[in-house]
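Please see the structure below; I have some questions.
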Amino acid sequence: MEKENHEDDGEGLPPELNQIKEQIEKERFLHIKRKFELRYIPSVATHASHHQSFDLNQPAAEDDNGGDNKSLLSRMQNPLRHFSASSDYNSYEDQGYVLDEDQDYALEEDVPLFLDEDVPLLPSVKLPIVEKLPRSITWVFTKSSQLMAESDSVIGKRQIYYLNGEALELSSEEDEEDEEEDEEEIKKEKCEFSEDVDRFIWTVGQDYGLDDLVVRRALAKYLEVDVSDILERYNELKLKNDGTAGEASDLTSKTITTAFQDFADRRHCRRCMIFDCHMHEKYEPESRSSEDKSSLFEDEDRQPCSEHCYLKVRSVTEADHVMDNDNSISNKIVVSDPNNTMWTPVEKDLYLKGIEIFGRNSCDVALNILRGLKTCLEIYNYMREQDQCTMSLDLNKTTQRHNQVTKKVSRKSSRSVRKKSRLRKYARYPPALKKTTSGEAKFYKHYTPCTCKSKCGQQCPCLTHENCCEKYCGCSKDCNNRFGGCNCAIGQCTNRQCPCFAANRECDPDLCRSCPLSCGDGTLGETPVQIQCKNMQFLLQTNKKILIGKSDVHGWGAFTWDSLKKNEYLGEYTGELITHDEANERGRIEDRIGSSYLFTLNDQLEIDARRKGNEFKFLNHSARPNCYAKLMIVRGDQRIGLFAERAIEEGEELFFDYCYGPEHADWSRGREPRKTGASKRSKEARPAR
């Protein structure tokens, strides 16, 4: 405590007022000093004596079990046993007091002003320096990448970032001038019209028309806008009203059930199998009719779905009717009498819906729509009865092929036939796979399902973007650009002999014949998990366990929990899917703070794991990495996976090469970041191996 010196403050006051002022200050100082002595000095002395007695009574030897004492002070190498203090409490100048020598301060006699003289004076203990934890940013965990919400965009908004504990705004004079010019241009170009004005323009246009120059000038003068703005607004209202009228007429012409089904079909995503999908909303084509879907299902290499499957009955019937003196097989199929099977109206509606969804495939309709109501054979007979005159079944092609197979086919020739058919299917690669099969690097473009009616031509967006047609496309199954999957043995899709692996694609259970998807142990007849396909890591989400800790390189880092083998899958790099313009705007901040979470995905999208992502966002950059990033195609979507570059030991920190070049940020190459300007700093996936 220090007595306030106000000698200079009283120069302008009369002597009487100055004397009163000094008296009040002395009384106030004395009151504070006595209060401190009565309240705080006794507590300090009591606290010190308590710790002294506690320290003297604590044994520094062993506990009851003969081990070391588990108390905190006994486990410290240099325990803080005593308080270091000065016994000269009368020296107020050492404590910061400035007392007036002329003033007599009365002190309480029973108040101790110093500690016990038996307390030894020990040097102060200096606590060790503990490094602070690296600075972290709050983020949201997500298993898969998600499209950025429009409200999360930073384009045209003020951005605040923190550097060395100081909040800075990311803006420059040039940016502010450009924003002001853009705002002025928007104000000049765009005119807002209220509902009443829209109604007025629409009524005048419908009653009198806007072709007359007098009418247009009158409206422009009355509304105080340009004639071009009025014409533009009238055209917008015309399109809007015509579209509303068309939708209303469509709804009135349909029943409520049909309208609801059409709406559900438009809102259902066939890639995510959910309604109102925000991931593929603007990339999803319209669903095809049942006539187009009929060509998707073939009888080649199909297995019977149940004991009452028409395929099983056909095979038994054909085996019983083989004639030794005839080189043909009977075309008859023993089926139940369709007149003995009654179909209710509900079953007929379910049958029609099953044909619309699964096409003319009695097995899928029986298993998914009419399970427990009708057998596969009954559905097949009903389908033949309904389509006998108007449609031909895909089974006819297979039946004709069986009619040409004789009884005396040698074993060697049948083996060669199977081999030729298999080679004929996979020897012709789609045009989009020529770059990857030849070993060259390929930059993927965003996949949008095509809506081709039959086979794809030069106008097909898949061919234009050099992508394969997927099962979600509208083209037929025999399209030359459609990827047909693989036919590898179970668990053997681990090298470039597999077409899916060679094309940097994940096996699809719907396309690959020997890659079923199961979550059981094999007791029910399904494929056990242990022998499932090894090229479905993204679909099965077989991510390795990753730990987050303090990195030896920069900030936080990712460490592996278990040891890993070479080329073993670690996990997927997830985050927000943003456009390149959004990535450039967000990258301006990352160039200044010296960290980047952006990852180039394709020609339209990038992944930003700064706000949303998983533990793989903490992998740091290294010129000698132990991991590598690889772009994979999973059911049409491009996704980024991380794999082991070499054998990785348990607890080792994970690194991968960001593939930064001269055009990227300076901090990525070990130099100080620039204060102004922006640069491209997104990571890029490794080219196809």
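Cβ from N, Cα, C; glycine included.
Okay, these came from Swiss-Prot:
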type	residues	note
COMPBIAS	171-184	compositional bias 'Acidic residues'
DOMAIN	339-389	domain 'SANT'
DOMAIN	428-532	domain 'CXC'
DOMAIN	544-659	domain 'SET'
REGION	1-109	region 'Interaction with FIE'
REGION	1-20	region 'Disordered'
REGION	51-73	region 'Disordered'
REGION	169-188	region 'Disordered'
REGION	666-689	region 'Disordered'
Sort the residues of the domain 'SET' (544-659) into helix, strand and coil with DSSP and give the three counts.
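The composition, in the requested order, is 18 helix, 50 strand, 48 coil.
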Take the domain 'SANT' (339-389) and count its residues per DSSP category (helix H/G/I, strand E/B, coil), listing them in that order.
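When I sort the residues of the domain 'SANT' (339-389) into the three classes, I find 34 helix, 0 strand, 17 coil.
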If you average pLDDT over the domain 'SANT' (339-389), what do you get?
78
